[in-house]
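Single-structure report; data block below.
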């Protein structure tokens, strides 16, 4: 029976990374004959230690295609169809999903997971979800109408740091990393038109508001050494002095110390490129290294202030001299050695100014890249569990479905904790269509704020359509030319001033045609919001609320997201693990003698990553939500 179900099954895998490589291999060896794989990523050097289907020669190639070729070498007679594409592309619609018997997720981010969940619900196709981080992992089964969907329970909200903390009053090294990566690096080497919270006015322009010159723009008559010194003195010297001028800020805080290049590198600045090894050659643009140029080798060394300053100036010089064609289009990449060197040096110099201990390049890279080191064995265990649940789904063996948690330390003498899945959450706005409620200032907020911060960011819609009663306010995607200008104009209008005004009591209908997902949002007008606690100036409720992620008191990691002006800067995500009995769901810390309880007295949250494949989404506390066994 199982053998026939396996042979006749058509399976869709989404993700060909750490879990995906193990899963494809296990599916092939288990007898599956028709497998389709979607993955938009290409292979990177950092993947090779655990994604065993890939080799050095594959770097830069499609993960999905190389994984297919590797498996066909030992299973040549099965059908594996790769798609080097984004699962959110229009071609992967509900009709596409309907052709499969089951969908298996090995994804790396919450947005894509929610998108696949909704497509599976619309297509009525079972979904087996999974995730790992370090030694921890989980597998869950989601079947429409029979078990809870992926969005029935809270998912962790990304930890955010207020912009004022990042730009003015950092107190932790992670604040300095976020500043160096999302503000300074982006300002110097990224899109010049992107909003950025860095002060760009020099001391020369401080007294005049007219014709203000952006200090980050390099003048035609300015050589790279002069430009580097100008940037250094502006961000670590002048901007700190400017911050110190606000006495109120420092009444209960330690005052930072301005740092100028002439005070740290007085001897070297007398000569251009002081102590730089001019003979250092680089094979390609990604091998360019300030450390190599300066003869520094050990990434685990903690650099002095002078060494950080030299790395900063040399990295900036190398970006413009060796990678000039990329400047203006760069985004931070943890696998870009020069970018990591620059961010580490900049963060350490800023940390020195604010009395924060410095970190090594190795440590800083882990924070900047949200790296929790992956364990290949965990991926293999989780892949095996996915296949086990897939076979149960294909046999329609509902009573045998299990959510399984993989633990780092034994609990009740078990490393794997199987739990019966739960029925759908009747208040889930995705699978139960429960109306939502949004508190917002309808006289100040624009339609584009609602679209970006609520519809896309919180509701996870990609091609939204927004209606007020029978009036269409906005539609994304392929629209008629004469409507494009109208929708664009609507986006810039305040909600209360739209052609069909949105005020307190208005019920908006929001739909994503690709996901075949519709929800209603009840608008409640509210005048004021707390800028620190409610940085978006709007509050969405009546849904499965995100779980707040408190700061890790030791070494929190910064998220890879870019900052936006006036908003909070995202940091690492975190999750609580729950151990669940068939009748009651409890936090791990509530279980007597549960593994790691001693450590959890100091750190109650599990840090997770948004790397290329290993984001784990473990269930939060479900107090007040009664669950029953599936019959």
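Using N, Cα and C of the backbone, Cβ positions are placed for all residues, glycine too.
Caution: TrEMBL annotation is automatic and unverified by curators.
Taken from TrEMBL, the feature domain 'THIF-type NAD/FAD binding fold' applies to 4-428. The ATP binding site annotation in TrEMBL covers 15-20, 39, 47-50, 63, 108-113. Annotation comment: TrEMBL describes 149, 152, 428, 431 as Zn(2+) binding site. TrEMBL lists 164 with the feature active site, glycyl thioester intermediate. As annotated by TrEMBL, domain 'Ubiquitin-activating enzyme SCCH' applies to 326-365. Summarising the annotation, TrEMBL assigns domain 'Ubiquitin/SUMO-activating enzyme ubiquitin-like' to 438-529. As annotated by TrEMBL, region 'Disordered' applies to 548-605. Sequence annotations record features per position, and here TrEMBL assigns compositional bias 'Low complexity' to 557-568.
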Site with most surrounding Cβ atoms, counting all protein chains shown within 10 Å, from the recorded positions 164, 428, 431: 431
Alpha-carbon distance [residue 149 (Zn(2+) binding site); residue 111 (ATP binding site)] in Å: 15
Candidate nearest residue 39 (ATP binding site) in space, where candidates are the recorded positions 149, 152, 164, 428 and distance is Cα-Cα: 149
Cα distance (Å, whole number) from residue 49 (ATP binding site) to residue 428 (Zn(2+) binding site): 39
Cα proximity to residue 152 (Zn(2+) binding site), best match among recorded positions 15, 18, 49, 108, 164: 108
Those residues of the chain, 6+ apart, with a Cβ under 8 Å from that of residue 149 (Zn(2+) binding site): 117, 121, 142, 424, 428, 430, 431
Binding-site residues listed as 39, 108, 111, least Cβ neighbours within 10 Å: 111
C-alpha spacing of residue 164 (active site, glycyl thioester intermediate) relative to residue 108 (ATP binding site), in angstrom: 30
Inter-residue Cα distance where the pair is the residue listed as 'active site, glycyl thioester intermediate' and residue 15 (ATP binding site), in Å: 37
Under 8 Å by Cβ from residue 49 (ATP binding site), counting only residues of that chain that are 6 or more apart: 374, 376
C-beta crowding around residue 18 (ATP binding site), within 10 angstroms: 28
Rounded mean pLDDT for the residues that make up the domain 'Ubiquitin/SUMO-activating enzyme ubiquitin-like' (438-529): 90
